[in-house]
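Engineer: Before anything else, here's the structure in question.
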Amino acid sequence: MCSTDTWLSDRKKRQLQKKDVEIQRRIELIQDFEMPTVCTSIKVSRDGQFILAAGTYKPRIRCYDTYQLSLKFERCLDSDVVAFDILSDDYSKLVFLHCDRHVEFHSQHGHYYKTRIPKFGRDFSYHYPSCDLYFVGASSEVFRLNLEQGRFLNSLQTDAVENNVCDINPIHHLFATGSSEGRVECWDPRVRNRVGKLDCALSSLAEGTEVQALPSISALKFNSSLTVAVGTTTGQVLLYDLRSSQPLLVKDHLYNLPINSLNFHNQLDLVVSSDSKIIKIWNKDTGKLFSSIQPQTNINGVCVYPNSGMLFTANEDPKMNTFYIPALGPAPRWCSFLDNLTEELEENPESTVYDDYKFVTRKDLENLGLTHLIGSSLLRAYMHGFFMDIRLYHKVKGMVNPFAYEEYRKDKIRQKIEEARTQRVQVKKLPKVNKELALKLMEEGDDEAEVVSRKKKGKALPSILGDDRFKVMFENSDYQVDEQSEEFRLLNPIVSKVGQKRKKKLRLLAQQAVPEDNDEEPEGRASSEEESSDDDKSWVEEVREQRRLLRQEDRDRRRQERKDKTSQPQFYQIKAGEEFRSFNDMAHKQKLQKTSLEERLKLEEHSETSGTADTAVGSKQLTFTLKKSEQQKKQQQAEREHHEERKKLRRSAGHLSSIRGRGRGWGGRGRGRH
């Protein structure tokens, strides 16, 4: 539900309602169901007739009568309400805990009594058997106020520094309080002794979780006699059995925000938990998400109307939201007409906002010539494309292809004629598109039908030709298979071999269906494994042959392109100041310009030509030397000195005589002589 502007007058709102279709579709269950600025908490009386909400500014309490669907009364208060509770079945007995430590009691006529507690309070619970109010807050003590005697009783001393929330079990009246250290302490009001303690902070942390602060308890709710739900400030909900110190289930909201309310939906075994961003409804046994609601504004609290599928939310907004989920339960008795409305909405689905827009990709924009609109307000980026107005799309489409409507009209007429022809006597003929594929499928279908007919119990598989999902492939020319494409030529050997194997298998099945006297294979026949290996080798060879042919065709195509280029006359531009010698000289110069400086120097040294360039103004010669580093100079000088030193030490070996035919290791006397 979305609200209109608050500064509009009632007359303006009625006028706007006549014009705006969205406002006309809106259902306002309760008149003026809102607060001046913010609603902090909301509750329903036990009889289901009254809805009470606390908000600001100025601090006030509002009571709505569901039988009249309107506001019953409004009372302003002295300070903001931290928490409130309804002690009676209707609105006649109310208790308010204020932010200034005051506790205020209201009766049916209005303000009744006000008292003060020693410390700032954060939450309280009412114990019906003893008429005691238990207050928790910025203290380790739990203050008890007895309404029958009208005085404070001895406090309960807890081990916590501060307590945030508390609750009392509706069956056995066990009192529990949640502390800022992440612990839950349980007390027995009959003997005023602590009977148990749960350490929820460590149980809420999974392995590998980075801890910035110790999780505190932010919400607490009992269900039945043994189940309790605990919400932490880090966004986890823990379900405990009071007989065990380990949680049965840990549900993470994944927003790292404090859980501010917990409710149970016992009809479907669901838990309704909320933080300031989202409301999650999930199964209490498995943790599986049932539904989730994410309002536009932050959530302060959630109230579930008893035995129904309706939720009320207190928001950081003047409007208090009302959500009805038919899957949770029926509508309350005072708005039973909602069930009929939801059935009508299911029968007549409303058009979505995307019906007036067309989704186009970047390629579609290029085809339409609208790439210059990217980044403007006419295109809304979404995923891998854009949303554009459907009217603009049709207008541009008509300008780009003005004969599109005529083609569409002819296709529709052709389809109508073909549909009328189907009523005549059917003659088996090939379609106009993909005739070869259709013929192949027909042959395979006949083989399968023959095999099935030979079997006693067998059902023929449906053919692609008779399947409506694939009929466009044999009607639209855009799906024509290009047999000359590279992809088809590479895949065709594999597909053909698979088809041959399939035919062989069908033949084997047909032979098995016919009873034979001799089950042995005839001599000289290859086994199926040898045939499959030969088939694998054959299709691999065919694929290689196709690859070779494709490469050969590519080379021939390139050679033809080069030949076409050389057959055309080539024009050379003679720059100013240059002399024309010959076409070969010009081509040689162009070739030298593409080579590197090192290669040009090597060519000049090999041809023993000087770097002289003849121009109209004279001859120019370019000489240069590469500058060497100091290290290179020192290394060359050391090498020269080393060579000079070796030359001085060289001795002549002319006085040594060698004996021909004797190799290394032979002595002067010959081998084997002494």
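Cβ atoms here come from the backbone N, Cα and C positions, even for glycine.
Curation does not apply to TrEMBL; its annotations are automatic.
In case it's useful when we look at the structure, here is the feature table from TrEMBL:
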| type | residues | note |
| --- | --- | --- |
| DOMAIN | 5-348 | domain 'Nucleolar protein 10-like N-terminal' |
| DOMAIN | 353-401 | domain 'Nucleolar protein 10-like second' |
| DOMAIN | 467-493 | domain 'NUC153' |
| REGION | 510-674 | region 'Disordered' |
| COMPBIAS | 535-566 | compositional bias 'Basic and acidic residues' |
| COMPBIAS | 576-588 | compositional bias 'Basic and acidic residues' |
| COMPBIAS | 596-608 | compositional bias 'Basic and acidic residues' |
| COMPBIAS | 609-624 | compositional bias 'Polar residues' |
| COMPBIAS | 627-647 | compositional bias 'Basic and acidic residues' |
| COMPBIAS | 664-674 | compositional bias 'Gly residues' |
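Thinking about packing and proximity, how do these listed features fit into the structure?
Structural biologist: In the predicted model, the domain 'Nucleolar protein 10-like second' (353-401) has a mean pLDDT of 83.
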Engineer: What are the helix, strand and coil residue counts for the domain 'NUC153' (467-493) according to DSSP?
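Structural biologist: Within the domain 'NUC153' (467-493) the tally stands at 18 helix, 0 strand, 9 coil.
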Engineer: Do any residues of this chain, six or more beyond the ends of the domain 'NUC153' (467-493), have a C-beta under 8 angstroms from a C-beta of it, and if so which?
Structural biologist: 431-434, 436-438, 539, 542-543, 546-547, 549-550
Engineer: Within the domain 'Nucleolar protein 10-like second' (353-401), how many residues are helix, strand or coil going by DSSP?
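Structural biologist: Final tally across the stretch: 25 helix, 14 strand, 10 coil.
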